[in-house]
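From Swiss-Prot, for reference:
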- 641-654: compositional bias 'Basic and acidic residues' (COMPBIAS)
- N226: N-linked glycosylation site (CARBOHYD)
- N233: N-linked glycosylation site (CARBOHYD)
- N239: N-linked glycosylation site (CARBOHYD)
- 1-37: topological domain 'Cytoplasmic' (TOPO_DOM)
- 59-65: topological domain 'Extracellular' (TOPO_DOM)
- 87-103: topological domain 'Cytoplasmic' (TOPO_DOM)
- 125-162: topological domain 'Extracellular' (TOPO_DOM)
- 184-191: topological domain 'Cytoplasmic' (TOPO_DOM)
- 213-248: topological domain 'Extracellular' (TOPO_DOM)
- 270-289: topological domain 'Cytoplasmic' (TOPO_DOM)
- 311-339: topological domain 'Extracellular' (TOPO_DOM)
- 361-385: topological domain 'Cytoplasmic' (TOPO_DOM)
- 431-489: topological domain 'Cytoplasmic' (TOPO_DOM)
- 511-522: topological domain 'Extracellular' (TOPO_DOM)
- 544-554: topological domain 'Cytoplasmic' (TOPO_DOM)
- 576-581: topological domain 'Extracellular' (TOPO_DOM)
- 603-654: topological domain 'Cytoplasmic' (TOPO_DOM)
- 38-58: transmembrane segment (TRANSMEM)
- 66-86: transmembrane segment (TRANSMEM)
- 163-183: transmembrane segment (TRANSMEM)
- 192-212: transmembrane segment (TRANSMEM)
- 249-269: transmembrane segment (TRANSMEM)
- 290-310: transmembrane segment (TRANSMEM)
- 340-360: transmembrane segment (TRANSMEM)
- 386-406: transmembrane segment (TRANSMEM)
- 410-430: transmembrane segment (TRANSMEM)
- 490-510: transmembrane segment (TRANSMEM)
- 523-543: transmembrane segment (TRANSMEM)
- 555-575: transmembrane segment (TRANSMEM)
Amino acid sequence: MLPCGPALTFVRCLVRKKNIKGEGLEDSLCRCLSTLDLIALGVGSTLGAGVYVLAGEVAKSDSGPSIVVSFLIAALASVMAGLCYAEFGARVPKTGSAYLYTYVAVGELWAFITGWNLILSYVIGTSSVARAWSGTFDELLGKQISHFFKTYFKMNYPGLAEYPDFFAVFLILLLSGLLSFGVKESAWVNKIFTAINILVLLFVMISGFVKGDVDNWRISEEYLINLSEIAENFSSYKNVTSIYGSGGFMPYGFTGTLAGAATCFYAFVGFDCIATTGEEVRNPQKAIPIGIVVSLLVCFMAYFGVSAALTLMMPYYLLDEKSPLPVAFAYVGWGPAKYVVAVGSLCALSTSLLGSMFPLPRIVFAMARDGLLFSFLAKVSKRQAPLLATLTAGVISAIMAFLFDLKALVDIMSIGTLLAYSLVATCVLILRYQPSLTYEQPKYSPEKATLAASKRESAVSESQINMIQESHFSLQTLINPSSLPTEQTATTVNCFVGLLAFLVCGLSALTTYGTHFIANLEPWSICLLATLVVSFIVTILLIQRQPQNQQKVAFMVPLLPFLPSLSILVNIYLMVQLSADTWIRFSIWMALGFIIYFTYGIRHSLEGRHSDGDGDSCSENSGLQEKNPVEEVDEPENANESDKFLARERTSEC
């Protein structure tokens, strides 16, 4: 039995959960952001330069005019993830986003994996957007900057950029300084650039509807076949099919529309930066859900309007994949409008750069404050900004932008983002079926305390009765469980959620790599597909039968467990689509992260220090279990160092 002790202790270390106390929700960074600031941040980071490029690329190669439907499908898939983030923003209004949510619900190891991948995603995002900003500005100057550096600073090494991008470094360091100065000033800059970007997009939409032609959505297949014969010199062949699809609204069929939706899904990535502002926004329980939902709605309307205007102005098969809007304006005789588009593109890149850089130091700060990364990164400035985390993140991003060719690394961003989306949806499923949720901390009042105490007593009493009645697991208790959640029903849901993730992985792999066998109606593939689909549906229905926690928060995901389950399915399916090279690079980054975690983080974890007082250095501290109220108040020695630095009366000062 002795050898089992260290192993069990080690496992407890990996699954210990963050215990958020009410005091930690009060002592925070400078709360100076409004709901409008969050909406502008979400719109700015999500509605980046892709809106000026992506619509033309997808419409020409995948969707045609039905790109508007592709954006609608992508928006619905993104909203499912956004709603899960919104509920957690209402439940846990602290800095950390998906990292913190995973720490509270699933445990420390998964939290570190999530945070470590988000760091890589934001670093690559910041560096690539900075280089894109530099490249766009260089285009406006006739490529004089790139010509100069290629002549005098050319780098001929594999994996490195063609030339060092000094301008991108300047942009990142300038933005790092702005963020270090204070979040309030950064929010003002972001609102200005976001407003200009939206005005430019409104100009594009109105122009497109004025100069557009509905006939561009009704091009005949015969006309496209004639074009194909001319383009490919197929005049001597019979039964020629069009290389531009079959015409009409969906020239590439519904499969093309779905393929376009998969690409358009990434256009909505970025709203999760709102979830990192939990300690810097006033009334976060309401502001974060509103900010996420409204920003996604605004972005969908912008993508929908621009793609509709673009495909109305110009036939989809003539669209330019790199500069669709300037070419479309030239096509309708409004050539000078390209300068307006250029201004909007630079503003969009500016807000996108801020949207990538803003959450990066906050994830680093949250992990360092919890002891999983080096403690010096948790230091805050007198203006209550994560100073050292911001500067460190800025320097690393600047080095990446200065030296490396980031095109090969951009796909790794998708893994970090999709993994975070999947885990947040998983956490929502797990938490809603737990017997007690005590980390949502309303403002104190004697009346609320008395009411809450009476509710807890009644809930605990009934829960205890149910636990006695359900002491043995059976099919009857699975289908007809108690009216209130118990430890047994919570464990049942946890097992089903794990099974759900396994089924989704199998279903995604089969539909990705076994498409040929399914199309040929191979018996084994059809049987396996049917088994996975039926098991997936039955698992969701069994989860739905379990009792949910009755505690209400400002925002809760509707249609549980169906929406989070569909979100997990969409996200994992998109992860499976990524190339093997991307997963190899991801594995290398994770290996580096595990070295840091198992040599430093697991020993310096703040939750591990809290456990020391119980005589078990790695005892599991669930963020969901109720604690004795006296213990929660009388624990000054366990207070976080950063929280001590931020006195209560200073939290409102910026």
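Positions of Cβ are set from backbone N, Cα and C atoms, glycine also.
Looking at the shown structure, what environment does each listed feature sit in?
The Cβ of N226 (N-linked glycosylation site) lies under 8 Å from the Cβ of no residue that sits 6+ residues away along the same chain.
Summarising model confidence by region, the topological domain 'Extracellular' (59-65) averages a pLDDT of 90.
Helix, strand and coil counts under DSSP for the topological domain 'Cytoplasmic' (87-103) come to 12 helix, 0 strand, 5 coil.
Only residues 6 or more beyond the boundaries of the topological domain 'Cytoplasmic' (184-191), in the same chain, are considered here, and those with a CB under 8 A from a CB of the stretch are 30, 32-33, 36-37, 40-41, 44, 178, 351, 354-355, 358, 654.
Here the topological domain 'Cytoplasmic' (270-289) has long-range neighbours at 28-35, 37-38, 41-42, 45-46, 48, 78, 82, 85-90, 92-98, 100-101, 183, 295-296, 299, 352, 355-356, 358-359, 362-363, 417, 420-421, 440, 553-555, meaning same-chain residues at least 6 beyond its ends whose C-beta is under 8 angstroms from one of its own.
Sequence-distant neighbours of the topological domain 'Extracellular' (311-339) (same chain, 6+ residues past either end, Cβ-Cβ under 8 Å): 52-53, 55-57, 59-61, 64-65, 67-68, 203-204, 207-209, 211-214, 216-217, 219, 224, 227, 244, 251.
Broken down with DSSP, the topological domain 'Cytoplasmic' (361-385) shows 13 helix, 0 strand, 12 coil.
Each residue in the topological domain 'Cytoplasmic' (544-554) gets a DSSP state, and the totals come to 2 helix, 0 strand, 9 coil.
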Can you tell me which of 38-58, 290-310, 340-360, 523-543, 555-575 gets the most C-beta pairs within less than 8 Å of the transmembrane segment (66-86)?
290-310
Pull the DSSP breakdown for the topological domain 'Extracellular' (576-581) and write it out as helix, strand, coil residue counts.
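Once the DSSP states are binned, the topological domain 'Extracellular' (576-581) shows 3 helix, 0 strand, 3 coil.
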Which range wins on Cβ pairs under 8 Å with the transmembrane segment (163-183): 290-310, 340-360, 386-406?
386-406
Quick check for me: are there 3+ Cβ pairs below 8 Å between the transmembrane segment (340-360) and the transmembrane segment (386-406), leaving out pairs under 6 residues apart?
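Yes, since the transmembrane segment (340-360) and the transmembrane segment (386-406) share at least 3 Cβ pairs closer than 8 Å, they count as touching.
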In terms of DSSP three-state secondary structure, what is the assignment for N226 (N-linked glycosylation site)?
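Note: N226 (N-linked glycosylation site) is helical by DSSP.
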